[in-house]
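Take a look at the structure below.
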Amino acid sequence: MEFLISILEQGFIFGIAALGVYITYTILDFPDLSVDGTFTLGASVSTIMIFKGINPFITLLASIIAGALAGLITGALHERLKITNLLSGILVMIGLYSINLRIMGKANVAIFNNKNIFLDKSPLIIITMFVVITKVMLDLFFKTHIGYAIKGAGDNETLITSLGINSSKVRILALMISNGIVAFSGAIMAQYQRFSDISMGNGTVVMALASIIMGQSFLKKESKITATTKVIVGSIMYKLSIGLVLKMGLPPTDLKLITAFIVVIAISLNNKSIFKNIKGLVMVGGEKNA
(Lines of atoms letter the chains of each structure in order from A; the text may use other names.)
(Lines give C-alpha, C1' and ligand atoms only; values in the text may rest on other atoms or scores of the structure.)
Protein backbone atom coordinates (compact mmCIF):
# COMPACT_ATOMS: atom_id res chain seq x y z
CA MET A 1 0.00 0.00 0.00
CA GLU A 2 2.83 2.37 0.90
CA PHE A 3 4.40 1.62 -2.48
CA LEU A 4 1.26 2.68 -4.37
CA ILE A 5 0.82 5.81 -2.25
CA SER A 6 4.43 6.78 -2.93
CA ILE A 7 3.89 6.20 -6.67
CA LEU A 8 0.81 8.44 -6.64
CA GLU A 9 2.57 11.18 -4.67
CA GLN A 10 5.61 11.28 -6.93
CA GLY A 11 3.49 10.75 -10.04
CA PHE A 12 1.35 13.77 -9.20
CA ILE A 13 4.37 15.96 -8.41
CA PHE A 14 6.09 15.10 -11.69
CA GLY A 15 2.69 15.32 -13.36
CA ILE A 16 2.72 19.04 -12.60
CA ALA A 17 6.15 19.35 -14.24
CA ALA A 18 4.87 17.33 -17.20
CA LEU A 19 1.98 19.79 -17.59
CA GLY A 20 4.53 22.59 -17.89
CA VAL A 21 6.55 20.68 -20.47
CA TYR A 22 3.32 19.82 -22.32
CA ILE A 23 2.82 23.54 -23.03
CA THR A 24 6.18 23.96 -24.75
CA TYR A 25 6.68 20.60 -26.45
CA THR A 26 3.15 19.68 -27.50
CA ILE A 27 1.27 22.96 -27.81
CA LEU A 28 4.06 25.39 -28.72
CA ASP A 29 6.33 22.88 -30.49
CA PHE A 30 9.32 24.38 -28.65
CA PRO A 31 11.98 21.92 -27.37
CA ASP A 32 12.79 23.74 -24.14
CA LEU A 33 15.64 21.96 -22.36
CA SER A 34 15.92 24.65 -19.70
CA VAL A 35 13.29 22.89 -17.57
CA ASP A 36 15.98 20.62 -16.11
CA GLY A 37 17.46 23.73 -14.51
CA THR A 38 14.08 25.32 -13.79
CA PHE A 39 12.93 22.33 -11.74
CA THR A 40 16.01 22.67 -9.54
CA LEU A 41 15.54 26.45 -9.44
CA GLY A 42 12.08 26.06 -7.93
CA ALA A 43 13.43 23.56 -5.41
CA SER A 44 16.42 25.69 -4.41
CA VAL A 45 14.39 28.90 -4.02
CA SER A 46 11.76 27.16 -1.90
CA THR A 47 14.29 25.30 0.24
CA ILE A 48 16.53 28.25 1.03
CA MET A 49 13.54 30.46 1.88
CA ILE A 50 12.13 27.81 4.23
CA PHE A 51 15.60 27.39 5.74
CA LYS A 52 15.51 31.12 6.55
CA GLY A 53 12.11 30.80 8.24
CA ILE A 54 9.78 32.06 5.49
CA ASN A 55 6.27 30.61 5.18
CA PRO A 56 6.48 27.47 2.98
CA PHE A 57 3.40 28.46 0.97
CA ILE A 58 4.92 31.84 0.12
CA THR A 59 8.04 30.03 -1.12
CA LEU A 60 5.89 28.24 -3.70
CA LEU A 61 4.84 31.58 -5.17
CA ALA A 62 8.47 32.77 -5.17
CA SER A 63 9.49 29.59 -7.00
CA ILE A 64 6.83 30.15 -9.67
CA ILE A 65 8.07 33.71 -10.23
CA ALA A 66 11.70 32.53 -10.43
CA GLY A 67 10.74 29.86 -12.96
CA ALA A 68 8.76 32.35 -15.02
CA LEU A 69 11.79 34.66 -15.15
CA ALA A 70 13.91 31.76 -16.42
CA GLY A 71 11.30 31.15 -19.11
CA LEU A 72 11.38 34.84 -19.98
CA ILE A 73 15.15 34.65 -20.55
CA THR A 74 14.78 31.55 -22.75
CA GLY A 75 12.10 33.30 -24.78
CA ALA A 76 14.13 36.49 -25.09
CA LEU A 77 17.20 34.61 -26.31
CA HIS A 78 15.13 32.93 -29.00
CA GLU A 79 12.81 35.74 -30.03
CA ARG A 80 15.02 38.81 -29.56
CA LEU A 81 18.54 37.50 -30.16
CA LYS A 82 17.36 34.94 -32.74
CA ILE A 83 19.18 32.05 -31.08
CA THR A 84 17.67 28.68 -31.99
CA ASN A 85 15.06 27.33 -29.57
CA LEU A 86 17.15 24.28 -28.69
CA LEU A 87 20.30 26.30 -27.98
CA SER A 88 18.35 28.93 -26.02
CA GLY A 89 17.11 26.25 -23.63
CA ILE A 90 20.56 24.72 -23.29
CA LEU A 91 22.17 28.10 -22.50
CA VAL A 92 19.60 28.87 -19.80
CA MET A 93 19.95 25.37 -18.35
CA ILE A 94 23.73 25.80 -18.10
CA GLY A 95 23.36 29.24 -16.54
CA LEU A 96 20.81 27.99 -14.01
CA TYR A 97 23.29 25.43 -12.69
CA SER A 98 25.51 28.22 -11.35
CA ILE A 99 22.52 30.30 -10.25
CA ASN A 100 21.08 27.39 -8.26
CA LEU A 101 24.44 26.85 -6.57
CA ARG A 102 24.52 30.56 -5.71
CA ILE A 103 21.03 30.41 -4.24
CA MET A 104 21.69 27.35 -2.07
CA GLY A 105 25.30 28.22 -1.28
CA LYS A 106 26.23 24.55 -1.65
CA ALA A 107 25.27 21.43 -3.58
CA ASN A 108 22.36 20.50 -1.30
CA VAL A 109 20.30 21.97 1.52
CA ALA A 110 18.23 19.97 4.02
CA ILE A 111 15.06 21.22 5.73
CA PHE A 112 14.18 18.18 7.86
CA ASN A 113 13.43 20.27 10.95
CA ASN A 114 11.60 23.10 9.19
CA LYS A 115 7.90 23.57 8.49
CA ASN A 116 6.55 22.62 5.09
CA ILE A 117 3.31 22.79 3.10
CA PHE A 118 2.17 19.35 4.28
CA LEU A 119 1.40 20.55 7.83
CA ASP A 120 1.94 17.05 9.29
CA LYS A 121 -0.94 15.75 7.18
CA SER A 122 -0.93 13.08 4.47
CA PRO A 123 1.26 14.42 1.63
CA LEU A 124 -1.02 12.72 -0.91
CA ILE A 125 -3.96 14.97 0.02
CA ILE A 126 -1.97 18.19 -0.36
CA ILE A 127 -0.23 17.04 -3.55
CA THR A 128 -3.54 15.94 -5.09
CA MET A 129 -5.00 19.34 -4.28
CA PHE A 130 -2.12 21.12 -6.04
CA VAL A 131 -2.20 18.93 -9.15
CA VAL A 132 -5.98 19.33 -9.50
CA ILE A 133 -5.73 23.11 -9.11
CA THR A 134 -2.92 23.28 -11.71
CA LYS A 135 -4.85 21.10 -14.16
CA VAL A 136 -8.13 23.01 -13.80
CA MET A 137 -6.41 26.39 -14.11
CA LEU A 138 -4.63 25.28 -17.29
CA ASP A 139 -7.85 23.90 -18.78
CA LEU A 140 -9.61 27.20 -18.09
CA PHE A 141 -6.65 29.25 -19.31
CA PHE A 142 -6.54 27.51 -22.69
CA LYS A 143 -10.18 28.43 -23.22
CA THR A 144 -9.32 32.14 -23.04
CA HIS A 145 -8.21 34.35 -25.94
CA ILE A 146 -4.59 34.22 -24.76
CA GLY A 147 -4.78 30.44 -24.44
CA TYR A 148 -6.09 30.10 -27.98
CA ALA A 149 -3.33 32.44 -29.15
CA ILE A 150 -0.69 30.17 -27.60
CA LYS A 151 -2.24 27.16 -29.33
CA GLY A 152 -2.29 29.10 -32.58
CA ALA A 153 1.36 30.11 -32.22
CA GLY A 154 2.24 26.43 -32.20
CA ASP A 155 -0.19 25.25 -34.89
CA ASN A 156 -0.49 28.15 -37.31
CA GLU A 157 1.72 31.16 -36.67
CA THR A 158 0.69 32.82 -39.95
CA LEU A 159 -2.95 32.87 -38.86
CA ILE A 160 -2.07 34.38 -35.48
CA THR A 161 0.01 37.11 -37.12
CA SER A 162 -2.77 37.88 -39.60
CA LEU A 163 -5.12 38.48 -36.66
CA GLY A 164 -2.78 41.18 -35.37
CA ILE A 165 -1.41 39.12 -32.49
CA ASN A 166 2.30 39.35 -31.70
CA SER A 167 3.35 35.68 -31.92
CA SER A 168 6.75 36.48 -30.41
CA LYS A 169 5.20 37.80 -27.19
CA VAL A 170 2.80 34.87 -27.10
CA ARG A 171 5.66 32.36 -27.25
CA ILE A 172 7.56 34.18 -24.51
CA LEU A 173 4.44 34.16 -22.32
CA ALA A 174 3.97 30.43 -22.93
CA LEU A 175 7.59 29.77 -21.93
CA MET A 176 7.12 31.80 -18.76
CA ILE A 177 3.99 29.85 -17.82
CA SER A 178 5.64 26.53 -18.63
CA ASN A 179 8.78 27.18 -16.60
CA GLY A 180 6.78 28.67 -13.76
CA ILE A 181 4.78 25.44 -13.50
CA VAL A 182 7.93 23.30 -13.66
CA ALA A 183 9.56 25.37 -10.90
CA PHE A 184 6.36 25.00 -8.86
CA SER A 185 6.69 21.23 -9.20
CA GLY A 186 10.33 21.41 -8.12
CA ALA A 187 9.38 23.40 -5.02
CA ILE A 188 6.76 20.83 -4.04
CA MET A 189 9.25 17.99 -4.57
CA ALA A 190 11.86 19.73 -2.40
CA GLN A 191 9.36 20.10 0.45
CA TYR A 192 8.13 16.54 -0.08
CA GLN A 193 11.61 15.03 0.26
CA ARG A 194 12.71 17.78 2.70
CA PHE A 195 15.85 18.76 0.83
CA SER A 196 17.02 20.18 -2.47
CA ASP A 197 19.98 19.00 -4.50
CA ILE A 198 21.79 20.61 -7.41
CA SER A 199 21.22 17.55 -9.61
CA MET A 200 17.58 16.81 -8.71
CA GLY A 201 16.33 18.34 -11.96
CA ASN A 202 18.47 16.15 -14.21
CA GLY A 203 16.26 14.24 -16.62
CA THR A 204 13.12 16.29 -15.96
CA VAL A 205 12.59 16.80 -19.70
CA VAL A 206 12.88 13.09 -20.43
CA MET A 207 10.55 12.11 -17.58
CA ALA A 208 8.01 14.71 -18.63
CA LEU A 209 8.14 13.64 -22.27
CA ALA A 210 7.77 10.01 -21.24
CA SER A 211 4.70 10.95 -19.20
CA ILE A 212 3.18 12.92 -22.08
CA ILE A 213 3.82 10.17 -24.62
CA MET A 214 2.57 7.38 -22.34
CA GLY A 215 -0.59 9.26 -21.43
CA GLN A 216 -1.38 10.11 -25.04
CA SER A 217 -0.54 6.60 -26.25
CA PHE A 218 -2.56 4.54 -23.79
CA LEU A 219 -5.51 6.96 -23.66
CA LYS A 220 -5.45 7.86 -27.34
CA LYS A 221 -8.97 6.58 -28.04
CA GLU A 222 -10.47 8.24 -24.94
CA SER A 223 -11.63 11.47 -26.59
CA LYS A 224 -13.64 12.55 -23.53
CA ILE A 225 -10.52 12.68 -21.37
CA THR A 226 -8.74 16.04 -21.55
CA ALA A 227 -5.12 16.30 -22.67
CA THR A 228 -4.02 17.56 -19.25
CA THR A 229 -5.58 14.55 -17.54
CA LYS A 230 -3.78 12.24 -19.96
CA VAL A 231 -0.48 13.90 -19.07
CA ILE A 232 -1.06 13.37 -15.34
CA VAL A 233 -2.14 9.75 -15.85
CA GLY A 234 0.95 9.25 -18.01
CA SER A 235 3.14 10.57 -15.21
CA ILE A 236 1.65 8.06 -12.77
CA MET A 237 2.12 5.26 -15.32
CA TYR A 238 5.73 6.30 -15.82
CA LYS A 239 6.48 6.34 -12.09
CA LEU A 240 4.67 3.02 -11.64
CA SER A 241 6.69 1.37 -14.41
CA ILE A 242 9.94 2.70 -12.94
CA GLY A 243 8.94 1.55 -9.45
CA LEU A 244 8.00 -1.94 -10.61
CA VAL A 245 11.25 -2.37 -12.52
CA LEU A 246 13.29 -1.31 -9.47
CA LYS A 247 11.24 -3.68 -7.29
CA MET A 248 12.25 -6.50 -9.62
CA GLY A 249 15.83 -6.01 -8.47
CA LEU A 250 17.40 -3.77 -11.08
CA PRO A 251 19.94 -1.37 -9.54
CA PRO A 252 19.07 2.37 -9.38
CA THR A 253 22.16 3.04 -11.51
CA ASP A 254 20.21 1.63 -14.47
CA LEU A 255 17.39 4.16 -14.01
CA LYS A 256 18.36 6.28 -17.03
CA LEU A 257 18.57 3.19 -19.23
CA ILE A 258 15.15 2.04 -18.02
CA THR A 259 13.74 5.48 -18.77
CA ALA A 260 15.14 5.35 -22.31
CA PHE A 261 13.50 1.96 -22.91
CA ILE A 262 10.16 3.18 -21.55
CA VAL A 263 10.22 6.24 -23.84
CA VAL A 264 11.08 4.09 -26.88
CA ILE A 265 8.24 1.66 -26.10
CA ALA A 266 5.77 4.50 -25.55
CA ILE A 267 6.71 6.17 -28.83
CA SER A 268 6.46 2.84 -30.63
CA LEU A 269 2.96 2.27 -29.28
CA ASN A 270 1.98 5.78 -30.29
CA ASN A 271 3.29 5.38 -33.83
CA LYS A 272 1.42 2.52 -35.47
CA SER A 273 3.23 3.18 -38.73
CA ILE A 274 6.32 1.60 -37.19
CA PHE A 275 4.52 -1.69 -36.82
CA LYS A 276 3.04 -1.36 -40.31
CA ASN A 277 6.52 -0.84 -41.74
CA ILE A 278 7.85 -3.87 -39.87
CA LYS A 279 4.89 -5.95 -41.06
CA GLY A 280 5.51 -4.76 -44.63
CA LEU A 281 9.18 -5.71 -44.46
CA VAL A 282 8.32 -9.17 -43.14
CA MET A 283 5.77 -9.71 -45.93
CA VAL A 284 8.22 -8.53 -48.60
CA GLY A 285 10.92 -10.73 -47.16
CA GLY A 286 8.54 -13.69 -47.16
CA GLU A 287 7.58 -13.11 -50.79
CA LYS A 288 11.24 -12.94 -51.83
CA ASN A 289 12.03 -16.15 -50.01
CA ALA A 290 9.07 -17.82 -51.72
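Counting starts with 1 at the first residue shown.
Backbone N, Cα and C define each Cβ position, glycine as well.
Predicted automatically and left uncurated, TrEMBL annotations should be read as such.
Taken from TrEMBL, the feature transmembrane segment covers 12-28 (among others). Within the chain, the transmembrane segment (12-28) has long-range Cβ neighbours (under 8 A, six or more residues past its boundaries) at 35, 39, 124, 127-128, 130-131, 134-135, 138, 142, 150-151, 153-154, 171, 174-175, 177-182, 184-186, 188-189, 192, 204-205, 207-209, 211-212, 227-228, 231-232, 234-236, 238-239.
Sequence-distant contacts of the transmembrane segment (48-73) (same chain, at least 6 residues past either end, Cβ-Cβ under 8 Å): 32, 34, 37-38, 41-42, 92, 95-96, 103-105, 109, 111, 114-117, 172, 175-184, 186-188, 191, 196. Marked as transmembrane segment by TrEMBL: 48-73 (among others).
Under 8 Å from some Cβ of the transmembrane segment (85-104) lie the Cβ atoms of residues 30-38, 40-41, 44-45, 47-48, 70, 73-75, 77-78, 196, 198, all in the same chain and six or more residues away from its ends. Sequence annotations record features per position, and here TrEMBL assigns transmembrane segment to 85-104 (among others).
The transmembrane segment feature in TrEMBL is assigned to 124-142 (among others).
What TrEMBL lists as transmembrane segment is 172-192 (among others). Sequence-distant contacts of the transmembrane segment (172-192) (same chain, six or more residues past either end, CB-CB distance under 8 Å): 9, 13-14, 16-17, 19-21, 23-24, 27-28, 30, 32, 34-35, 38-47, 50, 56, 59-60, 63-72, 74-76, 79, 111, 116-118, 123, 127, 130, 134, 138, 141, 146, 150, 153, 200-201, 204.
Distant neighbours of the transmembrane segment (198-219): 14-15, 17-18, 20-22, 25-26, 32-33, 35-41, 43-44, 97, 100-101, 104, 107-108, 182, 186, 189-190, 225, 227, 229-235, 237-238, 256, 259-260, 262-263, 266-267, 269-270; these residues of the same chain sit at least 6 beyond its ends, with a Cβ under 8 Å from one of its Cβ atoms. Annotation comment: TrEMBL describes 198-219 (among others) as transmembrane segment.
The transmembrane segment annotation in TrEMBL covers 231-249 (among others).
Residues annotated as transmembrane segment in TrEMBL: 255-271 (among others).
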